[in-house]
């Protein structure tokens, strides 16, 4: 039987194993910092995804055999072949699919006509219905929840799971990712902030006077396509389950929760159920985030998720994301998916759609940059200049209603010509440093809000003003705006004539024996 890595988490793991991209660690590993340190080393060196089969257990863990193992780096980069293999597998694509094609696949499949609703299946088709813990049996503090970073304010149980919430009128069921930290034996606290959909859905309950008891489910080890789409900036009100069905051309099987009316993926490792209490606020964080820092004194006041039921499968596996220095899931998923949605939105723009070929958030910039590749021959036809182009791009991506939420994480948009491969950071940074005049070729947008998690925003004056810090940088030579035949020779291998390059490539083994 063929494997389905997009819709079955264990199949995803098996494909990684089959392709030599999984390492099973049977040596005992302490979830207190050791798991985090190992995963960080794996991310930063593009090593195989680690599956921790033998976590150091609290003697009071009610079911140490099945609660639980940990999979690290599920969306990290691969160190051989196609580096984006794990992201491709999340979508059921061939593991050799490069990031540009992944982005194009997401753009091509954004059509709402292709949405396929989930299908409700019996509980016996759901492995996580095997074991159950009641409210009285639950003690989250006894589970092997990892302390991922040295500066974290607590143990973050939720870094790669999926929250499920539904509006009171049941018109919108939202699947999303937002971090969650163990607060006490039976509750989790996590970020419930704008522009996240979990905030918008829970706001509807608050407006109805029921903000203290909002039903939720927290699912771990969900279909990889589900966790990817849960990271996507899809339109408000859109249902992720239908979106996933459209992407995979197959309905997502779902089952009913045990203590509320929510439906969750049938293919889960663990499901926590309970209710979100927006009226009770507690200390949350800090947590090492996507930009590579943890500030120990930076904590927040956030609401509680009260857990009253846990269901789980045999030898359950909890996938985790350990954010930090590139490249991890906060870059490959969040940054990559912002690239896809931005490319789609640009394709709908009457002017930019004619000149923009590709967009990408380079990981080396921690998803704070967006590189935009411009067709310079089409650019000439616009009869514009650098300042006007920068204003057009920035006004649309930073200010417009369509793009504001999608591009909220971005602080600098970099425009380059079509000779640059924006997926190659070496080329991008070369163009950035040599083709723009600092300040002169940068247009600032001081009226837009900064991304609060960006370290220069959270640790500087922007945290008070909450305005500015964003710009568009034009790395296109002035003559390229007016002369379609403007020529320059790049002093690298690709700059040589084709016949010379072909001859060199054919005879390379003779030169370097």
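Any Cβ shown, glycine's included, is placed from N, Cα and C.
The active site, proton donor annotation in Swiss-Prot covers 289. According to its DSSP assignment, residue 289 (active site, proton donor) is coil. In sequence order, 323, 330, 453 are the residues of the chain that are 6 or more apart from residue 289 (active site, proton donor) and have a CB within less than 8 Å of its CB.
Look at residue 240 (prenylated FMN binding site): DSSP puts it in a helix. For 174, 175, 176, 177, 178, 179, 196, 197, 240, 405, the entry in Swiss-Prot reads prenylated FMN binding site.
Neighbours of residue 240 (prenylated FMN binding site), defined as other CB atoms within 10 A of its CB across all chains, total 25. Residues annotated as Mn(2+) binding site in Swiss-Prot: 174, 197, 240.
Neighbour density for residue 174 (prenylated FMN binding site): within 10 A of its CB lie 24 other CB atoms from the protein chains shown. Counting other Cβ atoms within 10 Å of each Cβ, the binding-site residues 176, 196 show the lowest value at 196. Using a 10 Å radius centred on the Cβ of residue 178 (prenylated FMN binding site) and all shown protein chains, the other Cβ atoms total 19. Cα to Cα, residue 176 (prenylated FMN binding site) and residue 197 (Mn(2+) binding site) are separated by 7 Å.
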